[in-house]
Amino acid sequence: MNPYVLTTLLLGLGLGTTITFASSHWLLAWMGLEMNTLAIIPLMAQHHHPRATEATTKYFLTQATAAAMLLFASTTNAWLTGQWEIQQMTHPFPTTMIILALALKVGLAPMHSWLPEVLQGLNLTTGLILSTWQKLAPFALLVQIQPTDPFILIALGLASTLIGGWGGLNQTQLRKILAYSSIAHLGWMVLILQFSPAITLLTLTTYLLMTTSTFLVFKLNKATNINMLTISWTKTPALTSLTPLILLSLGGLPPLTGFIPKWFILQELTKQDLPALATLTALTALLSLFFYLRLSYAMTLTLSPNNAPGTAPWRLQSLQPNLPLAISTTATIFLLPLAPAAMALLTP
């Protein structure tokens, strides 16, 4: 792609998200989301592969549906209450409709079906943008909406953690596994959104770090399925020994960074007199942990069936810069000691 076109599209992505962040009016927020969608579509379709074209079409139709729902719900809210402000959502009907529209935009269950299919058709770089940056603007709107009844958010969150765990169990394609991982993590965020928006933002930050690190590792190894991970030890032995820690951090095991948000979320749910919900959510984390362990096992404890001369494959020097991978990997593994500081910042 032409560098000038690429720069324009990336600036459009940034501008769309910034407009949504800064807006207090529903029309401006909708406009920012539309700019976001229109800027990423050429990036998704740039390789002209049939799968990329199919993924782009699915993504466009899904996002257009969500945007139409959002515009209809905000117009209905203005008609019923006379308010266009994002934080003045008082009527339950448009509020519910907007939550469902934003859930469709980010891929929360049961509106999740498009996300694994779309992510599977993209390359890892565009998949990284879709899994991280594209979640920010809808989440900025979700955090500002405070529905009177928390049932819908709890239902969406619980369904997402269950489906995100179950869906990834039988997958062999890494991008689909990461898509189901994304659905499960979004479920954790939405589950606690009604009770503590600060913990939701902390969870989103750690999710962005861990997912960035995972995508960059797979991109460096040029791996798109589990079998391709088995030869990564001949390419990057040091990184191969660190990758299980990144994957287990995504699974939420201590003493890794991914444990912080799960710990805070379960603690907050218990404080809100929801011990059954906290227990069920903790059990769904075991489903996700299984497929992270499966990836770790394939990467470190399995040898690809090669003959002796084929164990060291011919490879060119990678053109990928190592600094982002080094920073995100370090943050993914070593940030647990900062949990008391995060707790101090989150408690009013």
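Each Cβ is built from the backbone N, Cα and C atoms, and glycine gets one as well.
Checking TrEMBL for transmembrane segment across the ranges 20-43, 92-115 points to 92-115. Same-chain residues lying 6 or more positions outside the transmembrane segment (60-80) and placing a CB less than 8 Å from one of its CB atoms are 26-27, 30, 33-34, 37, 41, 89, 91, 93-95, 97-98, 100-102, 104-105, 114, 118. Nonlocal intrachain contacts for the transmembrane segment (323-346), taken as residues 6+ away from its ends with a CB within less than 8 angstroms of a stretch CB, comprise 196, 198-199, 202, 206, 209-210, 212-213, 216-217, 220, 239, 242, 245-246, 249, 254-260, 263-264. Residues of the same chain lying 6 or more positions beyond the ends of the transmembrane segment (151-170) and with a Cβ under 8 Å from any Cβ of it are 96, 99-100, 103, 108-110, 112, 116, 176-177, 180-194, 277, 280-281, 284-288, 290-291. Here the transmembrane segment (177-195) has Cβ contacts under 8 Å with residues 103, 106-109, 112, 115-116, 118-120, 127, 131, 135, 139, 142-143, 146-147, 150, 153-154, 156-165, 167-168, 171, 203-204, 207, 211, 214-215, 250, 261-262, 264-265, 268-269, 272, 277, 281, 284-285, 287-288, 291-292, 295 of the same chain, all six or more residues outside its ends.
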